[in-house]
Amino acid sequence: MVVPGSGLVKLQAEEEGLDCIFKDAGFDWREAGYSMWLGMNPDQLKPGERCASTSNRNFEGRQGPGGRTRALRWLLLLPSMADSPTLEISKPPLEYTSPKLLVKQLDRPSLRPSTVPFPALSTGKEELIPDFVLNREPFNQAKILIVTGPNFGCGSSREHAPWALLDFGVTCVIATRMLPLILPQKEVDQLARLASEGNEVEVDLVNQQVRAADFVSPPWRMANNWSLDPVDWDHGNFGAKFVFSGGNQYIPPPRGRRSRRGYCMRRFERYRQNALAPHVASGSTTAALENNEEDLRDGDSNSDTEATSDPNDGTHFYFVPRYRQEDPEPGEPITTPETLAARYKRLSFGRVVIAPRGGESFCKASWIPFDTMSPEETLGWQKLVCYLIERTHYVNEVEVNGSLLGGCMWADGWRKSTTRAESFGRYCSVTKLVLLMSLAQYNQQDEAAAAREATEFIAKSLMLVSPGVFEAYRKILIDNNLPAMAHMEYPTPYNTFDFASFLTFTMYDFYNAPHKDSDKNFWTLVIWIPIFNPLTSKDDDPILADVGFDMVGGQFTFRDFQVYLDLKEVLGVTVCIFKSTEVKHQTLPGSSPSKKYTRIGFSCQMSQRMTEAVIAHLNGTAKKANKKGKGPAKAKVAGQQKQIENAERALKKQKK
């Protein structure tokens, strides 16, 4: 028989067709449950019977005394113990766990007190393990447990683990995970070092400080606006209810709460629907997807690039709890690797929606590996990279930008004039255009065709990941009569794939400060592509990076939600849509030690200033550049033809 571990596991297995595989092989596909996993009630193996388990928390006899369990996902745990006054175990051996063998229920009264010797797994007799640290002097008198490693509280025991510690006499845990009392990681490490030297550690509840030798912590801060109730101090419950943390906290439900049947699934479905709401398209965009489905797929069977009517196809969700909805280190201008490791949630592959728990998502990201792309799709990304690099021959590098701290940035498309006049036009450097024209390397039809092709490819990539956001982009563009990236002149009729006015793109170890954008679009599409460095690449080097890609850093962080996108793990394209005007974000420094590679990133926008200029132009209320100018005037609009005329005049002056 096969027993899924939960209702969600059963549903997912059936969606993937695993139930059919087991049924065809002769297995009985049972309802979800975990009594067999725990070996509870009659659901136990008899001595000598065999079973297979996907749990990574198996120990000898877990499914029944004398049973033979084959672990399908076995993680070998080896002890690392030192002959010092304290016990240092980075990976505890399985015999130090607290197995469930004699309970009928999982509430606290049904548990055997942990100070009573539990049965040896091989003999079934109760006998004390004399080498266990909490059975030895002086540790059997310990009141405080200090944990510096990253995985404390990561198992499934939930409240049972704290109950077991409390029964051993431990009333306070200082660890690097769980719950709302927060100490920095370096202070936890320092406390562990002082304790290992034999110093006594004191927790002062009244002054909210921890002391050891000459170390005194600043008053601790608390996540999620928790407060300490003096009643808990008087009743001695503080150590059982709270755990000091160096970073990622987990707040369990109140003790004694029982989930109603199906409640968790219904709650998850509600969270999922709320999170997905901004990404779901209406009929018009869905029709566009269906009409262009073949082009969108490019013959690829990869689920990350297929058009689908189900916006949740292959999507995972990360719901950010309230206690993580704050910048953990607001004083850091650039988030350090240590802070990332200790305080942030890392996301690095697949397709994921990030949302505050119960709310709308603020980010959706998709990692598309190069090795899963069809030849047509790979060619599309290569052509897009070439287009962006080619645009550096037409536009100047952006030198002044509020958040720019390092690397290079360019802009392409339409913008408002930098003068006082409310005029607007396409990004273009007349000096660079003159050079290209003098070398006979400029063709206006080719430029227009390349812009249309690039815009269409980017639009399709956005529509596949978030058709709802594509629709929101397009509504702002059309409602405000803004020019589109592919438009050479203004006004020009919109086509199916027009959605933004310009894009900015970056290379060469770009990074910036934490900021929120002030654009007209509240959602922003950003895409990163690992490539060979154009400054150092050879003629025979490919465009897209190969397996030697060695860039480190460059993570994209959401500081107010303690989560970041890691762009390194998957060698491929990363597509991200996020609420740029509402959520503080930052690109961290990154570099290639070999200098062979870089990462090109671009984002699509509509400027608030240009929107105002377009409205003034259409209403005839534009201001003149000259302060002495009287009355309203039509703003000048510099499209492609105007750029060519300016370049031709400059060429004539050069000839003279």
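Just so it is clear, glycine is given a Cβ too, placed from its N, Cα and C backbone atoms.
Per TrEMBL, compositional bias 'Acidic residues' is recorded for 294-303. The annotation compositional bias 'Basic residues' is assigned in TrEMBL to 624-633. What TrEMBL lists as compositional bias 'Low complexity' is 634-643. Taken from TrEMBL, the feature compositional bias 'Basic and acidic residues' covers 645-656. Residues or ranges marked as domain 'Aconitase A/isopropylmalate dehydratase small subunit swivel' in TrEMBL: 127-175. Sequence annotations record features per position, and here TrEMBL assigns domain 'Tet-like 2OG-Fe(II) oxygenase' to 375-589. Annotation comment: TrEMBL describes 294-318, 623-656 as region 'Disordered'.
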Report the DSSP secondary-structure composition of the compositional bias 'Basic and acidic residues' (645-656) as helix, strand and coil residue counts.
11 helix, 0 strand, 1 coil
Helix, strand, coil residue numbers for the compositional bias 'Low complexity' (634-643) per DSSP?
4 helix, 2 strand, 4 coil
Mean pLDDT over the domain 'Aconitase A/isopropylmalate dehydratase small subunit swivel' (127-175): what is the value?
72
